[in-house]
Ligand SMILES: NC(=O)c1ccc[n+]([C@@H]2O[C@H](COP(=O)([O-])OP(=O)(O)OC[C@H]3O[C@@H](n4cnc5c(N)ncnc54)[C@H](O)[C@@H]3O)[C@@H](O)[C@H]2O)c1
């Protein structure tokens, strides 16, 4: 099975890494030329770590040989998984181009966190029935769940094929409704937003205290540490997307603190500073 992964950022690189470790061939592409060597370097480091820890039997070079970085979309693709930023217009343009470039035998999946798949099908007039959502979680290599989302026009066989792909990647598929935020982000948005309001508006606790409370209650990460991991920009875009798609439901209203960090370029761990500072 040959997969084209579009977008070599946090998620695209993670999906590519998982797929090559499971024996699948991947083409990885990005709009920014710099992104590809950076992603390849990160993937190699992670594959080497998995090998050193005994989680992988094959030598690193053999696994890495299944990854090719490309600037043009190749022929011979079975699946496309898109992981470009969470902006409706950007994803629309991409799906329009994919619909023109590839025939009906190529499945098109989006790793969108929040955009209804039916909206993406509006950009694929030729073959909307082969479009669905495959929502992986961060970090992809470690998170077992993938939400599989069926849009209005998605063919049922597609979902069977998607479940099979998810199983080959060693993950568990759960079918999620095609609603803004699907299942996980519908619940996760208020989790982050309530924490932001509690600290910034109501001054009830500090962000360190909020994180400590949730981590003490068994959550692997408190909301602020998690937002830093996800990326402040990614998190803010997803919040805005859910808010817009629910016609301004106040439960999903973005918080000005998110925007303040965005404007200062403090995007979380990836820039060395978000809510917290990182070495
Ligand atoms: N970060 C997370 O925790 C997380 C979790 C689940 C899902 N997602 C979703 O995954 C998608 C990607 O998120 P991310 O965190 O990997 O973002 P990111 O910013 O880390 O990476 C996006 C990459 O896409 C590239 N890109 C932009 N436009 C492109 C184009 N037209 N063609 C090819 N490449 C292009 C960028 O250069 C960048 O390298 C988003 O839809 C996001 O909502 C993110």
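Each residue, glycine too, has its Cβ placed from N, Cα and C.
Note that TrEMBL annotation is computational and uncurated.
As written in TrEMBL, here are the features:
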| type | residues | note |
| --- | --- | --- |
| BINDING | 7, 8, 9, 10, 11, 12, 30, 86, 91, 113, 138, 270 | NAD(+) binding site |
| DOMAIN | 3-176 | domain '3-hydroxyacyl-CoA dehydrogenase NAD binding' |
| DOMAIN | 181-278 | domain '3-hydroxyacyl-CoA dehydrogenase C-terminal' |
| SITE | 135 | site 'Important for catalytic activity' |
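Taking the domain '3-hydroxyacyl-CoA dehydrogenase NAD binding' (3-176) as a whole, pLDDT averages 97 in the prediction.
Rounded to a whole value, the Cα-Cα separation of residue 11 (NAD(+) binding site) and residue 135 (site 'Important for catalytic activity') is 10 Å. Most Cβ neighbours within 10 Å among the binding-site residues 7, 9: this distinction goes to 7.
For the recorded site, residue 9 (NAD(+) binding site), the DSSP three-state label reads coil. Residue pair residue 135 (site 'Important for catalytic activity') / residue 91 (NAD(+) binding site) shows a Cα separation of 14 Å. In this structure, residue 135 (site 'Important for catalytic activity') is part of a beta strand by DSSP. Classification of residue 91 (NAD(+) binding site) by DSSP places it within a helix.
Around the Cβ of residue 11 (NAD(+) binding site), 25 further Cβ atoms fall within 10 Å across all displayed protein chains.
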